[in-house]
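Visitor: Found this in Swiss-Prot, in case it helps:
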- 16-55: DNA-binding region (DNA_BIND)
- 90, 91, 92, 93, 94, 95: NAD(+) binding site (BINDING)
């Protein structure tokens, strides 16, 4: 996606399109219009057509889009044939939920290992994922693991991020309230569930439908 030089907003929507197109293919549907895509993914048709236009002629006017072609295109664009191996740091309630869920049911992302400091959890498996002590982080992380999920207390998030910066990790999904400072070669996505909930409540009160 980076080589295409497409807008980041478009890049964020590609997995959403891919998931819906997967479902269409499984249902046996052969083609789909931008209006149908719009209704399913809740993105307006003009935005979908603009997103798709960055990749050339993916469809035909009056015909729509060939589902199998779109599926093949997005699988290649999103590197769906390559497994992205992930480490999870912090096996509390949220971290444990991630381990039980994992991601291979829906895409090409797989949590390979987890880290914590709890004696009750270290040395066990949760959801089939081994849990190691945080002291073993640098030793256990292989070059194959390039993404980390942070579900640790906010007070230790920065120190863990600093340690991850010394490994081959290039992406961090941060579920802590802490805003992390890392080198430019590491990309961070912040997901603060409390902020998201507060934002939703604000919109409900101030922008009623």
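Glycine too: its Cβ is placed from the backbone N, Cα and C atoms.
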Visitor: If you count other CB atoms within 10 A of each CB, which of 91, 94 wins among these binding-site residues?
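Guide: Of 91, 94, the one with the most crowded Cβ is 91.
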Visitor: What are the helix, strand and coil residue counts for the DNA-binding region (16-55) according to DSSP?
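Guide: Breakdown, helix to coil: 28 helix, 2 strand, 10 coil.
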Visitor: Beyond the listed site residues 90, 91, 92, 93, 94, 95, identify every same-chain residue whose Cβ lies within 8 Å of the center of their Cβ atoms for the NAD(+) site.
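Guide: Those within range, site residues removed, are 96, 97, 98, 116, 151, 152.
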Visitor: Long-range neighbours only, meaning 6 or more apart in sequence with Cβ under 8 Å: which ones does residue 90 (NAD(+) binding site) have?
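Guide: Once residues fewer than 6 apart are set aside, residue 90 (NAD(+) binding site) is near 115, 116, 150, 151, 152, 153.
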Visitor: Of 92, 95, which of the binding-site residues has the most Cβ neighbours inside 10 Å?
Guide: 95
Visitor: If you count Cβ atoms within 10 Å of the Cβ of residue 93 (NAD(+) binding site), leaving out that atom itself, what do you get?
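Guide: There are 8 such Cβ atoms around residue 93 (NAD(+) binding site).
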